[in-house]
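Sequence annotations record features per position, and here TrEMBL assigns compositional bias 'Low complexity' to 698-707. Sequence annotations record features per position, and here TrEMBL assigns domain 'Ig-like' to 21-121, 132-223, 238-326, 331-418, 424-509, 514-603. Residues or ranges marked as domain 'Fibronectin type-III' by TrEMBL: 610-706, 791-900, 901-995, 997-1088. Under the heading region 'Disordered', TrEMBL lists 690-710. If you look up TrEMBL, you'll see 1094-1115 marked as transmembrane segment.
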């Protein structure tokens, strides 16, 4: 008899489910509630009363407070009601053995109280159930199938709140082999995509393992018999065995594990592929398990919300299933209040912000009592989840609970508010020495204690306030943060409590940054030589000797005491390098303050291995074909093969002589031989290092004797009927293909279906009806190129700095290039800024920044990609290319760039509500370079003796109060991320003074209007006033419309010419006089008759009339009228030449720059026979000096 108690937990789960499985006898269940330091904990214990074994699972609920004196009482609440009596000194609640186990199932909460308040634990859910048992089953009948069919073997284990682990075994307890064809589902069933004869057996047994109960329940064995089909087994397209249909929906909570399954059947066995419809499927987020039948996402977050697709396919077709995944979230804390000491009269803000989907509801309690059930107090109110206590008193000391709830659960946090008056103290020790290296961030601590909270000031020795330095900022708890420290920041810093004589000092020592001045390079070393990878570094002399660690392919290199591989400067020496020494090497220099690393590589080169497997084929009377297989290249590509031949009949020629050299992609060659000889052949491979050892010799080959040798005939003696060319070709890269042949009467000859970029042996022979010509010489050639077939593999990205990465990949095989490899293209796509919130607004990214292509020429397999954006997500693929185009892309590699300090805010404006207030408004930086955490506003007078710094949350406006209206302030505003403060935007501004009407004006009078102008007052608000004016001869005062003081100009209209006026400004006591211009007071200058309208009209009519007459004359002449004759003219008619004469305007200027005589002389040229106006278009413009057309 025993009891097992387990805990079901999940990330950010609002509560804890405690599930017990056991018998009803001899059980012991203990609920414990107590204090452990500053933690209030709740635990459940269970075990055997006889053996005194306790299986303990402890659940901790944080209770934050500074001090918790003697605890007075503990009480338990079950399902919202008081459970048993109040406990003292101990909060342990032990179950009564007389009660049924089911009696204790429910939700528990513990309350711990003393004189300072009551703390509340989170909810604990206790679930009880008996040990699973298996009802008696009938033995199943043998199931009969034909080969190729599909089936499912069902398990159906006993139900339990904790799902069992399923094992399919035989009677000898051996696991049933699983593969793509035979798989299990999440519910434990065994699926066969198609059955084989070998699947026949009688002992398919499902074993359900209940881990919490420590038992295994075997089901009845299942027998199946598969009979071979008498006919040919028909293939069939895939169908889904699980899930059913084409669509399914899943709801998963943030932090849980999601497993999608896709189990197909079909013949042949289908393959399964997974896709995400709304974006790329990240291999870092999703894992494929169970032979790709499962897609699992651990620790689900909002970014996993979307649609996924499973595609099952074989040679007969495919089928899809779509999964709509909705991610919701139980409440989790985004911001919670901390415990604190407060002085009487202060205002307390307890900020409590929780996220969740749907949005959780936030409620407050005081000492475990909901605030809505307490007496109302005007000093206490809740606003947007924040509890605000104004003018706190000693009686407000309590433990306040914030609880967030949605349909998926609830969370609770305790906050201790202690109202007390205590003198200020600095808890941080005096005289601390802080050390850092250049570029690091340093935090100088100054922890204080007191009530009310002490105001802290930091001073730099001989330099004044620390906050005057843009790199320095003060945290809310008084610490001084210095970013990007340099040697100039080395100094003595003093932290003091304002309005007291309490202070401490701290010394900051900034040392030189550790640097690698001579990093390891990419070495190519001949086998057997020594290799030295340099890693020279500099380190500050105040630091002790650093630690040097070398790694090969990310594994540490350990050396024995007798090894002498490392030099004192950090370099690594490898003696007698061998092929296995090839790899990536990195050195890391570490000190107590910083570390730096650099990477290089060693590629061991050697002569190629000897060719092997020599064979002789196509043995003819005077020729034979030699074929071979290549050996290893040893990191240096083979440039050619040397074929050597030994003739036994001619020993004077030496044992071996070179016969021919062929390209590296040749695998055979036809060799022409002399008669009556015995020959042996061997090969050497040549690369950039040298020649290989000769291959083992081939078998011998003998040619027959010839009666006599005939001299070559002259070409004219070859002529005869039926002359043609006979063409022979065969692939040179394959072993032993036979010659193919064709004929043509004249070139060219086209060979089809040759494949892509295949080397060929080619020979051409002249023949006629009398016979063939001399044996031709073999030539080599290649078929055309095509795009590469293979994608690079093993793509890796190594971060060099925040905006640059090193990209490496494995090269493609040369056979897959199908041409001459020109290099690789890196396709870099920016997916957007990193974010963890679905509520984040999309940021516009220029197209050039979203997609880039980097070309890497030659055989290089790594390159540096720079100019990346901070805090961004990138997708990268690599593809080979040749002259025909680009090959397939590698698998997508996803990487992110780190967060950095943001750029400057993009816009700032001022507004002054009063003479002592100024409101600043701004917009977020265009380049946040991370998740913005807030803003830092600093302002000071013209001399930065006292800099005021304000830490702002994520807001876009802030109002400064209590400003001096007589002072011009300097403002610096920075955005902040976790990586630091951004670049400041610097402004100057002052509050605006109350406006007033102008006291000095300028008056310019016309006949019926007067222009009034003035200079607006600096730093003055708009002031509305009006002009009042009165004729000096009498009448009534007239008033203008309202005028703003910032206009600087106004025109009074509708005045009487030649009249004296009084002018007043209301409100105000200023008056002026002016007189409008009367008749005759303005004199016009005498104008020339040339500018008069009648003269312009007359001249226009004359010119128009002349042009009309001229056109009529030409038309008449072209039709053969008065001027027609037998003599031909030298120019065509106007209609034939398409002469268009258009008179728009005639431009006659007052200065007679265009003379009328010139106009008529130009028009007179139209009577000549020349082509002066043959295809022209005349434009004239008449413009008077007054601008009228």
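Cβ atoms are placed via backbone N, Cα and C, with glycine included.
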If you run through the domain 'Fibronectin type-III' (610-706) with DSSP, how many residues end up as helix, strand and coil? 3 helix, 44 strand, 50 coil
For the domain 'Ig-like' (238-326), jot down how many residues DSSP puts in helix, in strand and in coil. 3 helix, 54 strand, 32 coil
State the residues, same chain only, that lie 6 or more residues beyond the ends of the compositional bias 'Low complexity' (698-707) and have a CB under 8 A from a CB inside it; answer 'none' if no residue qualifies. 614-616, 619, 621-622, 624, 626, 648, 673-682
Taking the domain 'Fibronectin type-III' (791-900) as reference, the highest number of CB pairs under 8 angstroms among 132-223, 238-326, 331-418 goes to 238-326
Over the span of the domain 'Ig-like' (132-223), count residues by DSSP class, listing helix, strand and coil in order. 3 helix, 35 strand, 54 coil
